[in-house]
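Chemist: Encoded as structure tokens, here's the structure I'll be asking about.
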Amino acid sequence: MNNKILSIHYLRGIAGLMVVLFHFRGYLNDVYSQKDLGLILFKSGAFGVDLFFMISGFIIALSTRNVTSKAIFAVRRFFRIYPAFILVFIFGILTVYSSEPTINIIKGMFFIHRDYSTTSPEFGLNVLGPAWTLTYEIYFYSLFVLAMCFTHRYRTILSSIFLLAPIVTLQLYYNGQLSLNSSAAANVSPDNIAFGLLRFMSSPIITEFVVGMIFYEIFSRVRFTIKNEVAVFALFVCSGFFITCYFSNSLFGFGLNKFGLMSAVLLFGFLIYDKSIGFKENKLLIFLGDISFSIYISHYVFISMMNLYKPDFYMQITGWGRFFMMTTITISVGTLVHFYVEKPFILIGKRIEKSISNLRSGQAVTA
């Protein structure tokens, strides 16, 4: 398996874009004769979050296949996420989020949700809107690297246990039952000193990282041959199931029993096809996958800016015009952030990785 699996990369770009378009859905409502046009087209676009989590589980397992250093893993994840996040976060605080309570700003900067007494999995979101999902990513990375401290070979199994055990035990203890419903976090008393942490750790959406790692193990370790016709049929059926659920809203909502289920089916179909036939390189989809994190983390600020400042060029355009204008702004800014923030800092991270590797090699020789 290559370090960049096209099916995964394409889906990552699609997932990021669909979350953006989900937040833009309101621009198409109450404008045309079909009053709920935005809802029809993009109400289910939030599925991208669930798909992101599964892809993350897959990618982290894949990217550590030949990496045993916990320090290198931590450096990679830090420089992949934090520089772009903190730049957009600071920009947001200096402009549209300046009136936010200081405590919320501090929480947001360190990936802590606003309010753990509210419904999971969002828990009141982050000051930077979609950044609420990064809290789950950081939690996953932390438990994954902890698993690597014990075993590299069985890192996915052990990290899965670390992820699932709190969900099962906390839900059974506090709720008296186990549920995959995204809002089924443990009903912990607010007086509990670990209230927020226990609520967060019991959020069922965390199971989606485990699904991603399971897919990795199946498609990297299990040897099987699939006929091309079967792979095409699988992709067709899985895509058809996904599209049906997407537009019917029959599986609407976060969690493995809703968006997560349709995302898992789609991911399965793409991986089957990729393993058997392989996707051709498409520069547009590769580019979209490259900038997916940048557009995901930055687009919400521009929605807030337009709603707050209401510039004339924005207010004079409605419907599809406003929709495509905001999409263009988002992709343009995301491209700039990717090339001038993400990539340079990833390069810095690689230099640090090299230094760590050289240091370890030197110590090994000395020993």
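From the backbone N, Cα and C atoms, a Cβ is placed for every residue, glycine too.
This is the feature table in TrEMBL:
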- 6-337: domain 'Acyltransferase 3' (DOMAIN)
- 9-28: transmembrane segment (TRANSMEM)
- 40-61: transmembrane segment (TRANSMEM)
- 81-99: transmembrane segment (TRANSMEM)
- 131-150: transmembrane segment (TRANSMEM)
- 157-174: transmembrane segment (TRANSMEM)
- 194-218: transmembrane segment (TRANSMEM)
- 230-249: transmembrane segment (TRANSMEM)
- 255-273: transmembrane segment (TRANSMEM)
- 285-303: transmembrane segment (TRANSMEM)
- 323-341: transmembrane segment (TRANSMEM)
Chemist: Report yes or no: does the transmembrane segment (194-218) come within contact of the transmembrane segment (40-61), defined as 3 or more CB pairs under 8 Å with a sequence separation of 6 or more?
Modeler: yes
Chemist: Please identify the stretch among 81-99, 131-150, 157-174, 255-273 with the greatest number of Cβ pairs below 8 Å relative to the transmembrane segment (323-341).
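Modeler: Comparing 81-99, 131-150, 157-174, 255-273: 81-99 has the most Cβ pairs near the transmembrane segment (323-341).
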Chemist: Which listed stretch (40-61, 131-150, 157-174, 285-303) has the most C-beta pairs under 8 A with the transmembrane segment (255-273)?
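Modeler: Stretch with the highest Cβ contact count: 40-61.
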Chemist: At a threshold of under 8 Å on Cβ distances, which of 40-61, 81-99, 131-150, 157-174, 285-303 pairs most often with the transmembrane segment (230-249)?
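Modeler: Looking only at 40-61, 81-99, 131-150, 157-174, 285-303, the most contacts with the transmembrane segment (230-249) come from 40-61.
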Chemist: Pairs of Cβ atoms less than 8 Å apart decide it: which stretch in 9-28, 40-61, 81-99, 131-150, 157-174 has the most with the transmembrane segment (285-303)?
Modeler: 9-28
Chemist: Do any residues, 6 or more residues outside the transmembrane segment (9-28), come within under 8 Å Cβ-to-Cβ of it, and if so which ones?
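Modeler: Contacts with the transmembrane segment (9-28): 37-39, 41-49, 51-52, 55, 129-130, 266-267, 270, 279, 282, 285-293, 295-296, 299-300, 303, 318-320, 322-323, 326-327, 330.
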Chemist: Please compute the mean pLDDT of the model over the domain 'Acyltransferase 3' (6-337).
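Modeler: That stretch averages a pLDDT of 96.
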